[in-house]
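**Student:** Here it is, the structure in full.
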Amino acid sequence: QEAFQFAVYLANKTGEEYGLQFKAGTETPFRHNSGPFKAKLAACSLIEQQALVIFGPKHPDDINIVQSICDYKDIAHVINRWVYNPSEHRSIINFYPHSSYLSEAYFAILKMSDWKSFTLFYEDNESLLRMGDVLNQAKDEGIVVVVKQLDEVGDGIYRTTLKDALRSGEKNYVIDCSIEILEEVLRQAQQVGLLTSHYNHFITNLDLQTIESEPFQYSEANITGLRIVDPNNEFTHMKIQGIIGFNKYFDETKLKTEAALLIDSVAVLTEVITTKLSVQDMAIDDAGCDSLKSSRNGYTISNHVKTMKNYGMTGIIEFDGNGFRSNFDLDVIALKESGFNKLGTWNSSKGLAIIGEKPKELGEETVSLRNKTFKVVTALTAPYTMLKETRDQLFGNDRYEGFAIDIIEELAKIEGFNYTFEVGGTTGAKDKGTGKWTGMLGQIIDGTADLAITDLTITAEREEAVDFTSPFMDLGIQILAQKPKNAPPSFFSFADPFALDTWMMLALAYVIVSLSFFIMGRLCQEEWTNPYPCIEEPEFLVNQFSLQNSGWFAAGALMQQGTEIAPIAVSTRMVTGMWWFFVLIMVSSYTANLAAFLATENPIELFTDVYSLVDNMEKNNLRMGAKAKGATEGFFKGKNDSVFKTVAKYMQTHPKDMVTENKDGVKLAEDFNNYAFFMESTSIEYEIQRHCSLQQYGKLLDDKGYGIAMKKNSTYRKTLSMAILKLQTTGVLADLKRKWWEEKRGGGQCNAESDDGGTPPLGVQNVEGVFYVTIGGTILAVFLVIAELLLSTYKISKRAKVSFKEALGVEMRALLDFNSDVKPTVRDKSKSGSKSSKGTGTSNNNLLTPAPQYGFIPTITREELKD
């Protein structure tokens, strides 16, 4: 619906030049499976609104009834979906590729993959009809096919069928189903173990690229498909931007074939109506299904459309003599770790052509390489070509091993040719003065070598000098740098389980509850108690909830230690219960998060991608580099982006950060945590398998591939490219990459370390804040007790009318007497003087009240009885 509204919007912009205005039908005529009768009523309603063209319906059961009405009323009828053997009505126009052409494209992919057998998963009867021609062709070619319906019961569970296919041992699968269930089918296939590098899947749905591919793109699944909408096409991209401008919520990654065909068909019909018809021809008098009159424009419009050649979001729009869409292009796409990548194209008249190849002309055959011998030059670059590690002396091809060596060996098995390896020098570069190429590319041009294979990037400049096969590896530029260092634990790391606002609210709750205890304790009569239980009618009552006791009681509950204070009144007990419940939840939440927060280490990321690298370059004193005079440095120099220009300028002004070999850049990145090395993603993947302190940053900055170089216009380029494509679709290349990246020559050791799931023990630095808080609280308590001692001594000296020094001396002598647990009190000096004449006569002792001998019970002396 959104696509149709946008298409009508564009049609009206075109119609303004001709004084015409286009209007979409006021009904929403065709719902999914609404029934032929409702479709008939909707079509008649649109004709009554003087419709020139009717689009749809979507459901196949409704198409015939609408087509009959359009034929009767001579209304142009446009459909944008697959139809099996459509009848040749004069007014019908189907922009969807014809079924016979699609079957040719499907079978071309199967032939390219060299499948000897496969299992077909189909959804319903229409799906089985769509694959009928493919099944017949497979039978003629001797290909063994097993046909299974995905969901016979209709409950959306496909695992039973998928498990049966898995147990059969078949490795190749074709899936034909609607886009609505495709993602779920793939998800359940992944659950049963069918989406691995050992199985090959071909998806016939042209909307394959619109599914969420991230759950599958890292499982090394071999998924191949077709698309008619190329989002990278300039014209398509421009249209998509127009849709986004029309509807800002439009997701360009979800543009389906039906919507793109609808936009194209409206555009083509708009051009016909505005340029081929007059206003008088468009008028329809007394329109309606019950009327005998017709528009007399349906055949005219359809004939004009079928004889025109247009270009739209779905590529070339051209019809054959029967009115079927022909001469269209389909992209062959495959799922990689970066998403769906284009492998090649299929044209209805030229057949299959992979990237880097000219479209195959009809009747052209690939050149046989059987029993031919090629001289292959390579470079000693890990892991592509390396010398074998052995004590025995080796000769010839036996001296070398690696990813590139294995690729040539696999190609030789497929095509039956012989080969001899020779280690060359550098990849080669073009001399600006002489125009000649050096290195391995120079050997290819001079004819001293037939093939060159290493980490050889396909570039426009190199393609002018030599030919390349289709890429055997897709890659791009990424950043290699040290893993982020872990931030030192915070001094108050024990407080991390709660955010600052939570701690503030907790403190506020403590204060409010403490004040509530104090106020409510004074208001409640039951909290005022008799201090002397033996006296029935005391002269005064006391309240345990003083301001200090209230705070202490709340703190005791918060620390889950309790106090000797117990509330008496119902109201204070209610507040106490609520406070205890609050403390229970808060302490439990804190305890649950504390272990995780203390064990978690937060990395300090100096940058995350090339943009943050440039932004933080001065702030974090970051350095960057690449291989001097290499393709990576040239990439940055050739870009107009301000960030890339900054990187290129830095490389030019800091030659010490540039290296001659990638291994030197890896060493710098390993030695300095502020050094970022730009390198091709595949090489980074290789290095981080062996240098566990390093990791890759950011997304791919470009998209390119490694290919096998050969002399210009070589006759065997097509054959080798097809063979490489077979290695891709059968998962051989993925297996070889895993072998040399993760298994051989020290690979996989970092994965082994990362699999260690043990929790590291907590160090002192993780909990040092708790120790310091405890020590700080103890020191603060010491100062408080000293201050309290001095203040109380001062009060005693005033009350006893003695000097502060004398009172402090008495207090200190009593405190330092560790043999006694009682302390005498200081008496009034004047009273002690009156007693001294009757006592012992020792003045110092007269300042003290005699200490009790048993606890705090005073003794009565003889002198006191005489008094």
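Cβ coordinates come from backbone N, Cα and C, glycine included.
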**Student:** With Cys44 as one half of a disulfide in TrEMBL, pick the other half from Cys289, Cys524, Cys534.
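**Tutor:** Here TrEMBL pairs Cys44 in a disulfide with Cys289.
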**Student:** Using C-alpha atoms, which one of the recorded positions Cys289, Thr632, Lys637 comes nearest to Cys750 (disulfide bond)?
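**Tutor:** Of all the candidates listed, Thr632 is nearest in space.
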**Student:** Quick one: pull the CA-CA distance for Thr632 (L-glutamate binding site) versus Cys692 (disulfide bond), whole Å only.
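**Tutor:** Distance (Cα to Cα, whole Å): 24 Å.
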**Student:** Does anything in the same chain, at least 6 positions from Lys637 (site 'Interaction with the cone snail toxin Con-ikot-ikot'), have a Cβ under 8 Å from its Cβ, and if so what?
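**Tutor:** In sequence order, Ala648 meet the Cβ cut-off.
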**Student:** Nearest to Glu680 (L-glutamate binding site) by Cα, among Cys44, Cys289, Cys692, Lys726 (recorded positions)?
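**Tutor:** Checked the recorded positions Cys44, Cys289, Cys692, Lys726; minimum Cα distance to Glu680 (L-glutamate binding site) goes to Cys692.
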**Student:** Between the Cα atoms of Thr457 (L-glutamate binding site) and Lys726 (site 'Interaction with the cone snail toxin Con-ikot-ikot'), what distance do you get, rounded to the nearest Å?
**Tutor:** 21
**Student:** Just the number: how many Å between the Cα atoms of Cys692 (disulfide bond) and Lys726 (site 'Interaction with the cone snail toxin Con-ikot-ikot')?
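**Tutor:** One finds 34 Å between the Cα atoms of these residues.
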**Student:** Say you check the Cα of Arg462 (L-glutamate binding site) against those of the recorded positions Cys44, Cys289, Lys726; which is nearest?
**Tutor:** Lys726
